[in-house]
Amino acid sequence: MLIGVLGLQGAVSEHERMLADCGAKTRRVKTPEDLNGLDGIVVPGGESTAIRKLLVRESMLEPLRDLVAQGLPTFGTCAGMVLLAQPESLAGIHADVERNGFGRQRESFESDLQVTGWETPFHGVFIRAPYLKSVSAPAEALITLDDGRIVAATEKNVLTTAFHPELTGDKRFHQYFIDEFVKATTKTA
Ligand code: GLN
């Protein structure tokens with residue numbers, strides 16, 4: 001199993017380490033050719049405008065958007081969630097995204113999150129995080145805060161979190177991506 005980590009900007013090596021800890025091989029994706037033969041891809045956090053510009057510059061925006069549309073298992077965190085929710089970027093999830101949605105006072109914060117079916121909460125690290133105001137089918141909210149903001153959501157082959165699981169010691173989100181998205185797809189392929 002080979003999982004790419006989009007390596008143009010942002011928290012790249014942290015994702016690679018987490019995926020390796022889960023037993024996956026990783027490839028840093030910097031050119032359109034690097035997209036070939038992947039079983040899944042992570043779009044990391046960073047700065048979504050910068051990552052989008054680099055995707056355009058490297059002629060990767062359309063190829064990656066096509067792969068996502070064709071069903072490549074894709075995990076976007078923070079800026080990755082923004083790019084996946086923007087129709088003009090990766091268009092991977094039907095959701096209305098608010099960039100930097102927590103405002104200045106709460107630029108960065110941490111919060112324990114309840115995930116349905118998980119025994120203990122997941123520690124969410126939010127850094128100038130987006131949130132989803134709403135999702136529409138076939139997208140589904142995975143984690144909704146008490147105030148209604150959606151901070152994790154899925155759609156078919158796409159998993160997104162507004163927070164940074166790669167900055168915790170907790171592998172559960174990466175393992176969830178591998179088990180429920182990558183392995184599920186590989187089995188039926
Ligand atoms: N605010 C950033 C953006 O919209 C995302 C921040 C992050 O990825 N930590 O691109």
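The backbone N, Cα and C atoms fix where each Cβ goes, and this holds for glycine too.
Sequence-distant contacts (6 or more apart, same chain, Cβ under 8 Å) of Cys78 (active site, nucleophile) comprise Pro44, Gly45, Gly46, Ile127, Arg128, Ala129, Pro130, Thr161, Ala162, Phe163, His164. Taken from TrEMBL, the feature active site, nucleophile applies to Cys78.
Residues or ranges marked as active site, charge relay system by TrEMBL: His164 (among others).
The active site, charge relay system annotation in TrEMBL covers Glu166 (among others). Cβ neighbours within 10 Å of Glu166 (active site, charge relay system), excluding its own Cβ and spanning all shown chains: 27.
Under the heading L-glutamine binding site, TrEMBL lists Gly46, Glu47, Ser48, Arg99, Ile127, Arg128. Its Cβ taken as reference, Glu47 (L-glutamine binding site) is surrounded by 15 other Cβ atoms within 10 Å in the chains shown.
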With an 8 Å cut-off on Cβ distance to the Gly46, Glu47, Ser48, Arg99, Ile127, Arg128 Cβ center, who else from the chain surrounds the L-glutamine site?
Gly10, Gly45, Cys78, Ala79, Val82, Asn100, Ala129, Pro130
With DSSP assignments reduced to helix, strand and coil, which class does Cys78 (active site, nucleophile) get?
coil
Go through Arg99, Arg128, His164, our recorded positions, and report the one whose Cβ sees the most other Cβ atoms within 10 Å.
His164
Taking DSSP three-state, what's Arg128 (L-glutamine binding site) in: helix, strand or coil?
coil
